[in-house]
């Protein structure tokens, strides 16, 4: 009985050691592409499948499919299709630059800049047209209906060129109405006496506002100059510069 058990156990051990023919990872069919030269490999070499270096499928460097560098399909650098180096439509059409209109140029001009051809006058920033009552319903209604035709910016010179507010406002009103009238008349629109009367009132209010704004800025600049020109401040600044440089 013991001899039979030993013989059976030895026979089972020899069966496990014997190589099995065929099957995965044997000499017949291997993955990926290993084993005998005649086996079936994936990916196959020298064939014509997808992604191969010498085939004719999609994306191959020497094939003729879409997107290949030497093919003839769309978007290829040496092909003859649309957008290719050898094609007739190899560049996008560049859009023409938009023309800059006078309206855009005027809108881009900074408020307070010196206006050329007006002898040193500056153009103030845009304002909301004031609500003015003229004493009767007709003129009040006329103003509300036509206020968009009147100026919303004024021309002025620096406040330090005038001795008082009245002179500033008088000059501001005259030059603003003159410029606005000339510009509007050139466009083929005329003003009536009522228009001129209302423009004088509107522009006068805006010129007063502009004077107050410019006067405040002028005095602030003057105060800053006086502050920094005082001897204690100059001494302090000099000491700080000495500490930084030294």
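Cβ atoms here come from the backbone N, Cα and C positions, even for glycine.
Positions annotated as Cu(2+) 2 binding site by Swiss-Prot, on the basis of similarity to another entry: 62, 63, 64.
Per Swiss-Prot, Cu(2+) 3 binding site is recorded for 70, 71, 72, and the stated evidence type is similarity to another entry.
Residues or ranges marked as compositional bias 'Basic residues' by Swiss-Prot: 91-100.
For 172-207, the entry in Swiss-Prot reads disulfide bond. Counting every protein chain shown, the number of other Cβ atoms lying within 10 Å of the Cβ of residue 207 (disulfide bond) is 24.
If you look up Swiss-Prot, you'll see 174 (among others) marked as N-linked glycosylation site. In the shown protein chains, 14 other C-beta atoms lie within 10 A of the C-beta of residue 174 (N-linked glycosylation site).
Cβ neighbour count for residue 190 (N-linked glycosylation site) (all protein chains, 10 Å cutoff from its Cβ): 8. In three-state terms derived from DSSP, residue 190 (N-linked glycosylation site) belongs to neither a helical nor a strand segment and is classed as coil. Residues annotated as N-linked glycosylation site in Swiss-Prot, with sequence analysis given as evidence: 190 (among others).
The feature GPI-anchor amidated serine is assigned by Swiss-Prot to 223.
What Swiss-Prot lists as region 'Interaction with GRB2, ERI3 and SYN1' is 16-223.
Per Swiss-Prot, repeat '4' is recorded for 69-76.
As annotated by Swiss-Prot, repeat '5' applies to 77-84.
With respect to residue 190 (N-linked glycosylation site), the closest of these recorded positions in Cα terms is 174, chosen from 172, 174, 207. Taken together, the residues of the repeat '4' (69-76) have an average pLDDT of 46. Of all Cβ atoms in the shown protein chains, 24 besides its own fall within 10 Å of the Cβ of residue 172 (disulfide bond).
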